[in-house]
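Participant: For Tyr23, the entry in TrEMBL reads active site, proton donor. Per TrEMBL, substrate binding site is recorded for His86. Residues annotated as domain 'NADP-dependent oxidoreductase' in TrEMBL: 20-259. What TrEMBL lists as site 'Lowers pKa of active site Tyr' is Lys53.
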Amino acid sequence: MDGCLEASLSPLSIPEYVLASLYGTEQPLGDAILEAIAVGLIKSRDELFITSKLWCSDAHGELVLPALQRSLKNLRLEYLDLYLIHWPVSSKPGIYEFPIKREDFLAMDFKAVWKAMEDCQRLGLTKSIGVSNFSCKKLGDILAFTKIPPAVNQVELNPLWQQKKLREFCKANGILLTAYAPLGAQGTIWGSNRVLECELLKEIAKQKGKTVAQICLRWAYEQGIGILVKSFNKDRMKSNLEIFNWSLSQEDVKKINDIPQSRLCSGQDYISKYGPFNTTQELWDGEI
């Protein structure tokens, strides 16, 4: 079995897998789940929490259900735990690519796409539905007509991009906010090490005898935010889970809250004069 998979299914880990049709990770994970059951690492698929995302080229009302069915076929599963709209924009159908060609961007028909997402949940193909990279305004637009509200909004969130307005909005509307890049997403195209290299966070970590990563994860946990951390290193997994038997002081939290804010993931790849968003201001509705 692949060492990365074995590490991720160890007792030290929280077995949640966040996929997307674009990533090309669905079929390998499907193979791995079957093998994990066969060798006894897990007893059944029900021990796992599996999320996948609807890519922009499938973000059309009539294409949502077929896209989810393809994902399930790739995964060899009967259902997902969570299905998310990846970005609040559509693109030319049938073309899976990133970056998306500027001329291929299209405005999303939110009503049609969300209705199709609701149908997927009603059919039992996913336990919950949600969104990713949605602003307060775009969430409000969906909430105005939805019958099944989004369960989750997955966004960039960390001490250097705290999303205070979005956190308040989601809390008021019963939407769980989950954080990608809680440590800054170093190693990705758009990520950096500036979260882990933040001097204030280093200072707090030193005072508490913790790592900077633990300070970041504990801060998010105390804010009621779901945390998505990518790691296949067993020691790092263990360290990431050691955040539950201590807490940040009020002074620590105040210092973190006062950190100057800036977004890492600008969303520039989704800006086009041919599409619905001509500027990042329009994409995020001023939440930048």
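Cβ atoms here come from the backbone N, Cα and C positions, even for glycine.
Note that the coordinates shown come from a computational prediction; the quantities given were computed from them, not determined experimentally.
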Participant: Which one of these recorded positions has the most other Cβ atoms within 10 Å of its own Cβ: Lys53, His86?
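Facilitator: In terms of Cβ crowding, the pick is Lys53.
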Participant: Cα-Cα separation of Lys53 (site 'Lowers pKa of active site Tyr') and His86 (substrate binding site), in Å?
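Facilitator: So the Cα of His86 (substrate binding site) lies 5 Å away from that of Lys53 (site 'Lowers pKa of active site Tyr').
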